[in-house]
């Protein structure tokens, strides 16, 4: 059996041991050969391809239900050579390190506030990137290990191999050492997620730029520090000085996605000279009034924006800095700046290209390479499923992937019929002033129901924490998007302010249960908190009244 399995795996290699699929060698009853006695590979009830949040949740749930489960995961190093362990994007290069570095930036702001509250803090305040990065990376590594232990405890077999389909029930995986492994299963779940997109049409983009796959694993600071975090006056003067000369910004973030603004936000917050180059609008897909306020707050706190601009070329200078050339889309004029680091945050590409999906009949969207699934997460092949970011039409959020994975396992092995509900999923953008939302944006509500059927209640507010420290609260804003017809069902909540994630999570349950505007107004607020301001929204946009709220 072992000899025959080795011969089958050898047939998958071309000359010079370059890995390539030779499906013609497997024709004529591939499944029977792969799953039969002769093949000798390992067989499972469930095989999960992808060791991220959704895949791990699905695998562990199936194992809890008594099934034989395997997880296949392999991280291809980024173009800059960054690699990481088990856990997927969220754990390694997404939510977890992002939130921790966001917290580092918030602490810098709190230190600035501290003397207003009686704390004597030595000046100037400096941030140590190496110390922060080491702490964050050590925590991430502990999570990697924790996932390995959890799989072992649940008797889920883990394979650190790069897998691709050879038929509908079988994959072949290759380890870093070159060793091949054949695995087959009754059910296969694809949960491979995505990776950052590089603008390969731009000269120097791949060679000299980094992405969110790299920023959290840098050992050294990616840019110059400007005399302590949130030194707005200095930053403004420095920016004016640069505009009068050659524009020389230390850290350039290209893109206006939530990844772009979150990274730019914490980079500015820890004291790095940061600018964002954006082609069009910020936070596409989010409520645009809220998105504009997010950007305004970032601008007022030191992040610079090059609006309506696109990069055209990157060159490395003899001193190691990067010379970036860009074009203003409105005027057509070109400009040049010098940067220490360029971070691309222009979207993500699903990890489907190397799975050999076409050969086994799994349909993908040719425009975005995502896998087409139905409401039960089933692909065009009945026993192959896709969940998380790799699936077409799904929100690219860790919690949705986790829940979808658990529910899929329960449907397959737990005699459940529950489907994942993708309506009213809450989320938060962890920019310096956090933006939390659940439900429809104002634009979506108007498009779906018509302007005449929508009522929007809104207010500016000032967090109590901002008063003593004399912080600017001009972008702290809340709005409820409701149907105009009684009982005025809440279609969406949008909250911009401190701890937005905590606030949004609480109201998400009510909106999920069909809360009306009247019910929200009858909810007793917790005083004195920012979330209390939500239940005080009395002004409609239609009224034309000033939406400024002064708390007690």
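Each residue, glycine too, has its Cβ placed from N, Cα and C.
Looking at 249-272, 273-296, 297-320, the range annotated in TrEMBL as transmembrane segment turns out to be 249-272. From the options 209-225, 226-242, 328-344, the stretch TrEMBL describes as transmembrane segment is 226-242. Residues 255, 256, 257, 258, 259, 260, 261, 262, 347, recorded as contacting NAD(+), have a largest CA-CA distance of 14 Å. With a cut-off of 8 Å between Cβ atoms, the residues of this chain six or more beyond the transmembrane segment (249-272) that come close are 98, 101-102, 104-106, 108-109, 126-127, 129, 132, 196, 199, 209, 212, 215, 221-231, 242, 278-284, 286, 294-295, 298, 301-304, 311, 322, 324, 337-347, 429-432. Counting other CB atoms no more than 10 Å from each candidate's CB, the recorded positions 99, 527 peak at 99. For the recorded positions 90, 95, 99, 389, a Cα to Cα distance of within 10 angstroms from residue 255 (NAD(+) binding site) holds for none.
Taking the centroid of the Cβ atoms of 255, 256, 257, 258, 259, 260, 261, 262, 347 as the NAD(+) site, the other same-chain residues with Cβ within 8 Å of it are 253, 263, 283, 345, 346.
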